[in-house]
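Straight from Swiss-Prot, the features:
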type	residues	note
SIGNAL	1-18	signal peptide
DISULFID	Cys33-Cys45	disulfide bond
DISULFID	Cys36-Cys52	disulfide bond
DISULFID	Cys67-Cys79	disulfide bond
DISULFID	Cys70-Cys86	disulfide bond
DISULFID	Cys101-Cys113	disulfide bond
DISULFID	Cys104-Cys120	disulfide bond
DISULFID	Cys135-Cys147	disulfide bond
DISULFID	Cys138-Cys154	disulfide bond
Amino acid sequence: MKSIFLVFFAVCLVKAEAGKGRKREPNIINPPCRECYVQDSSGNCVYDKWGCGGARKREPNIINPPCRECYVQDSSGNCVYDKWGCGGARKREPNIINPPCRECYVQDSSGNCVYDKWGCGGARKREPNIINPPCRECYVQDSSGNCVYHKWGCGGARK
């Protein structure tokens, strides 16, 4: 029994030593598609009903984009790795909020934030004091009245 254990232990040590010299590759998921999706020949994520239970289950709502965490869908529909969304060294600017108006405001056709009384209770409530500028947190109103992202007001590194 001891000899079997010693042989097993020796084999494990040899395998461990052999694996030490290998170069570690980053954790790139290939394909980068979510569960129930596979990557086709052109790199797009397509739904794989057989990988998700086939005819026994209904096809779930299609996830758009169907990319896994840490991936974003580019303009051609491919899932590409987004290192900043996955703990990259620099902090990314947040996704731009569109429209960037505060609660009770909507963006008109020219991009200005205007008060929407119906979105805030309509005739039942008084119109609150107008917030000037009516932009959300991290946004400021420029000279033409549009809300633009202000990275310094959102924790950006100061000079």
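Placed from the backbone N, Cα and C atoms, the Cβ positions cover glycine too.
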Note = DSSP, reduced to three states, assigns Cys138 (disulfide bond) to coil
Rounded Cα-Cα span from Cys120 (disulfide bond) to Cys135 (disulfide bond), Å = 16
Among Cys79, Cys86, Cys104, Cys120, which are recorded as disulfide-bonded residues, the nearest neighbour of Cys113 (disulfide bond) by Cα = Cys104
Note = One of the disulfide-bonded residues Cys36, Cys52, Cys79, Cys101, Cys147 has its Cα closest to the Cα of Cys86 (disulfide bond), namely Cys79
Minimum Cα separation from Cys147 (disulfide bond), reported as the residue among disulfide-bonded residues Cys33, Cys36, Cys101, Cys120 that achieves it = Cys101
Query = Roughly how many Å separate the Cα of Cys138 (disulfide bond) from that of Cys36 (disulfide bond), to the nearest whole number?
reply = 37
Inquiry  = Here's one to test understanding: among the disulfide-bonded residues Cys33, Cys52, Cys120, whose C-alpha is closest in space to the C-alpha of Cys70 (disulfide bond)?
reply    = Cys33
Message = Let me check the 10 A CB neighbour count of Cys33 (disulfide bond). How many other CB atoms are there?
response = 24
Note = Comparing the Cα of Cys67 (disulfide bond) with the Cα atoms of the disulfide-bonded residues Cys33, Cys36, Cys52, Cys120, the shortest distance belongs to Cys33
Query = Considering the disulfide-bonded residues Cys67, Cys86, which residue's Cβ sits among the greatest number of other Cβ atoms within 10 Å?
reply = Cys67
Ask   = If you measure Cys79 (disulfide bond) to Cys120 (disulfide bond) at Cα, how many Å is it?
value = 39
Ask   = What kind of secondary structure is Cys52 (disulfide bond) part of, going by DSSP in three states?
value = helix
Task = Based on Cα distances to Cys36 (disulfide bond), point out the closest of the disulfide-bonded residues Cys45, Cys101, Cys104, Cys120.
result = Cys45
